[in-house]
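So the structure is just underneath, and the comments pick up after that.
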Amino acid sequence: MDGNGRWATKQNKDRTFGHYYGSENVREIALAALSVGVEALTLYAFSTENWKRPQKEIEYLMKLPAIFFNKFLDELMEKGISIHVIGDLSKIPEKTRNVMLDAVEKTKNNNKLILNFALNYGSRDEIVRAVNKLVNNDEPVTEESLNDALDTFGLPEVDLLIRTGGDTRLSNYLLWQLAYAELMFVDDAWPQFTADRFLECLSNFGSRERRFGGLNQ
């Protein structure tokens, strides 16, 4: 969900204006994903590096989950959408953490779409935490055991990464999980990224040949 702040700045608005409209767009993209049978949608809401942002912006970002779920949780429930969250929640303000965990609990039996928020998430941090978990439990570190110790355990494999906002880098996001994912970088800022544009990306993905290191027969 990149480009919120820059989009707002170009309109001579405060960066928080962009974050608000970005949160509104979560609903649109989630419903589009649901409409075509996407199994899981993970959104990069706040990275471990985002603590470097101005304090005013951070405080607003920590309020956004409550704003979003107060407005849309009932609809998400009706649509059968299940909320998940990944990242180190221990460093998130308690009120924000409770809002997220409450949404997770209320939607845990839904099975139409997993809407997964990466909050205080960084892939390097995730991998380090996973390794430490295995070491502390005296478990051998293997590809399988590490995969099972990651925040994303139990979620489907990542097939497609779409990064909005024009930058062409991964920014410490799902580095392990993206091993064989297709990558798309679009210039639209997240608030401009429409459901139709999202569906175009899915159509493009569907036309790609995926070999996973082998050869198609």
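Numbers run from 1 along the shown chain.
Keep in mind that glycine also has a Cβ here, set from the backbone N, Cα and C atoms.
Since the structure is predicted, the reported quantities are computational estimates derived from the model, not experimental observations.
According to TrEMBL, the protein carries these features:
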- Asp2: active site (ACT_SITE)
- Asn50: active site, proton acceptor (ACT_SITE)
- Asp2, Glu182: Mg(2+) binding site (BINDING)
- 3-7, Arg15, His19, 47-49, Trp51, Arg53, Arg163, 169-171: substrate binding site (BINDING)
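Positions of TrEMBL features highlighted on the structure.
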residue : record                       : Cβ neighbours (10 Å)
Asp2    : active site                  : 22
Gly3    : substrate binding site       : 23
Gly5    : substrate binding site       : 21
His19   : substrate binding site       : 24
Thr48   : substrate binding site       : 18
Asn50   : active site, proton acceptor : 16
Trp51   : substrate binding site       : 11
Arg163  : substrate binding site       : 20
Leu170  : substrate binding site       : 13
Glu182  : Mg(2+) binding site          : 15
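Distance noted between the C-alpha atoms of Gly5 (substrate binding site) and Glu182 (Mg(2+) binding site) is 26 Å. Around Trp7 (substrate binding site), the same-chain residues at least 6 positions away in sequence with a Cβ under 8 Å from its Cβ are Gly18, Tyr21, Ala189, Trp190, Pro191, Gln192.
A strand conformation is recorded for Arg163 (substrate binding site) in the three-state DSSP classification. Taking the C-alpha atom of Arg163 (substrate binding site) as reference, the shortest distance to any of the recorded positions Asp2, Asn50, Glu182 belongs to Asp2.
Here the candidates are the recorded positions Asp2, His19, Asn50. The one whose C-alpha lies nearest to that of Glu182 (Mg(2+) binding site) is Asp2. Cα distances from Asp2 (active site) to the recorded positions Thr48, Asn50, Trp51 are smallest for Asn50. In this structure, the CA atom of Gly3 (substrate binding site) is 13 Å away from the CA atom of Asn50 (active site, proton acceptor).
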